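Report on one structure; see the data block that follows.
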């Protein structure tokens, strides 16, 4: 995995895991690889992985089972909430950028619709 | 968190020239720390002072021992194998390590050797730079100690070897061990590091957390490191 | 902590490996000389023994030097100095393993003497009897084994003295070079070299003179005591030099950086 060195690595690991949780690579209740394995896969050190996982456990997207490892939460409302958060964050980013091009809300909506339709045809 | 390495008032002169002065450093256990600095800044010297193979003034403790013999026992330094004849085979070097280091685990070594594709029957003289670094890493990490000192493990090796060396560092560094890796390019190891230490102007100029730099300063570690060398930069010039 | 024996083993192995090379060279030289004798038409069963004898002095001389080089390198090599063991044990094992390697050389030489002599025994037995006859005529009936043992003991002590002196010179120069400015180091090195070579020559001449004297008194008048006194003096010198060496290793001697 490639990291943007400006952003704390633990934060990027969290984002990476969120994406896997939402795109279905990590389903609800799925077990995560051991911390060291994750560290090797992502080429980051164990402490950094631990920090990312620690924060995810605190916020409830992961659960830790003593002696067994870490799992994606089975709490589907929590996962839905996470999805909302990420969608919102992504939208906010896109919206801000388009807004910066001096587009009105109505224009943004139209452009988005057009874009979706075009993609639909292309596929 | 306990202390893996502490250095107080370290001074080192050679040939009447100051190499390091007033060095202060404390590393806590379980960290991966990058030791940065230009070529000839004294990174290797600092490591040799820690092992006791260079003799300076001041107090150096590994764990809680300042005694040189105990420091050597608690520290695994990446020796460049110059003490061996060039015709020595890898398995003879391994035998040497097994004989003289009671904490050398042959099982750990063999796992790493398999992972790094080291051929035990090869002679030292026949090894490419990359293969030699792999051998050195495997030997160094096969000892089970509190502190590992890896002296420029990536210098002059190809990117495939570098990836393998990085993976082995991550896989085989024991829990609670502290790792000091020296390098003059920070970029290739930035994602591994918990902290960085910079040797500059004959002293230990900077010791900072990697995420501290990214979080608080909002810059890449590489940029931060380079900013130290700009004229009128952060570090104090004499 | 590393045990003294483990260190002794690894140090000894390196030195024995050098000795083995030396023996191989010696054997090649012996064979070549014998072949030459054969070509020039003077070949007999005893040729091999004579050829061996003509080369046999060199392995001792070169062996002492080769072993000394390996031993001295250990003091400034990270590969050895990273080993967790106290400096005095490090020093002691270095000397002892040198000694062991040398004894190994002597043993191999003895075996080779015996082998080559056995091959040519038919011609050698005559001269052996003559020699015995000559000795009894001159009243030199001494105990062969006691003499051989004493000579071996003496030569080993002389070796140790030589090695500890070489270490002294090497470590003094190494320690001194830490403190001298780089520019003047060459000049100082040359001065130190001169002094050291002068001293070594003095010691060697002294030893040889004294040794021949000893031999004369020992075999001439059966006064074996003076021989032991000599050995004692050398042992004291070895202890003093070693104490100095260990102090220098503790305080100043550093390894060569990678």
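Glycine residues also receive a Cβ, built from the backbone N, Cα and C atoms like all the rest.
The annotation transmembrane segment is assigned in TrEMBL to C:21-43 (among others). Within its own chain, the transmembrane segment (C:21-43) has Cβ neighbours under 8 Å at 50-52, 54-56, 58-59, 62-63, 66, 105, 108, 112, 116, counting only residues six or more beyond its boundaries.
If you look up TrEMBL, you'll see C:49-71 (among others) marked as transmembrane segment. Sequence-distant neighbours of the transmembrane segment (C:49-71) (same chain, 6+ residues past either end, Cβ-Cβ under 8 Å): 11, 14-15, 18-19, 22-23, 26, 29-31, 33-34, 37, 94-95, 97-98, 101-102, 105, 109, 112-113, 116-117, 119-120, 124, 159, 162-163, 166-167.
Positions annotated as transmembrane segment by TrEMBL: C:91-124 (among others). Long-range Cβ contacts of the transmembrane segment (C:91-124) within its own chain (Cβ-Cβ under 8 Å, at least 6 residues beyond either end) map to 4, 7-8, 11-12, 15-16, 18-19, 22-23, 27, 30, 44-50, 52-53, 56, 59-60, 63-64, 67-68, 70-71, 74-75, 85, 152, 156, 159-160, 163-164, 167, 242, 245-246, 249.
Marked as transmembrane segment by TrEMBL: C:144-169 (among others).
Taken from TrEMBL, the feature transmembrane segment applies to C:190-211 (among others).
Annotation source TrEMBL lists transmembrane segment at C:227-249 (among others).
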